[in-house]
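*Asks:* What follows is a single structure, and I will ask about it in a moment.
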Amino acid sequence: MKTVEMVKVAKEVLRNAYAPYSNFRVSAVLFGEDGLFTGVNVENASYGLTVCAERVAVFKAVSEGKRKFEKILVYTPGRENLPYPCGACRQVMAEFFGEDFRVIVANDSEEEQFTLGELLPFNFKR
Ligand code: THU
């Protein structure tokens, strides 16, 4: 699946983002052999309970028995910030995906692509 198609899906599901506190809306599209899963950020009045879009997508997939994926696109609208995954999301992705798994971050003016190994070298594994 091409990045442009993933961005299209990310824009569609963004309407479900629940971000009344930060107003920073994020969506994620996880894609690979096991199909396509989406996620959005879900905030809470108790701010620390917020879950990022990436983690929602990964947990939706894993909870349905799907773990074979090649990449994730993380999208936020606008032309300023790029939604680089937070440290917690990097660690969660490292639990299930290898160092060649690709992470694409995009907004309405640019996109950047990394491998998970670049984003989280020396990740903690047991
Ligand atoms: N957020 C994500 O969903 N993914 C990212 O990659 C960066 C941060 C969310 C969490 C919170 O709801 C909002 O963005 C502001 O931090």
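Glycine residues also receive a Cβ, built from the backbone N, Cα and C atoms like all the rest.
Below are the features I grabbed from TrEMBL:
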type: DOMAIN; residues: 1-126; note: domain 'CMP/dCMP-type deaminase'
type: BINDING; residues: ASN41, VAL42, GLU43, ASN44, ALA45, SER46, TYR47; note: substrate binding site
type: BINDING; residues: CYS52, CYS86, CYS89; note: Zn(2+) binding site
type: ACT_SITE; residues: GLU54; note: active site, proton donor
*Asks:* Return the residues near ASN44 (substrate binding site), defined as same-chain residues 6+ apart in sequence whose C-beta is under 8 angstroms from its C-beta, sorted by sequence, else 'none'.
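*Replies:* In sequence order, THR50 meet the Cβ cut-off.
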*Asks:* What count of other C-beta atoms do you get within 10 angstroms of the C-beta of CYS52 (Zn(2+) binding site), across all chains shown?
*Replies:* 22
*Asks:* Which one is it: of the recorded positions GLU43, GLU54, which Cβ has the fewest other Cβ atoms within 10 Å in this structure?
*Replies:* GLU43
*Asks:* With DSSP assignments reduced to helix, strand and coil, which class does GLU54 (active site, proton donor) get?
*Replies:* helix
*Asks:* Just going by other Cβ atoms within 10 Å, which of the binding-site residues VAL42, ALA45, CYS86, CYS89 has the emptiest spot?
*Replies:* ALA45
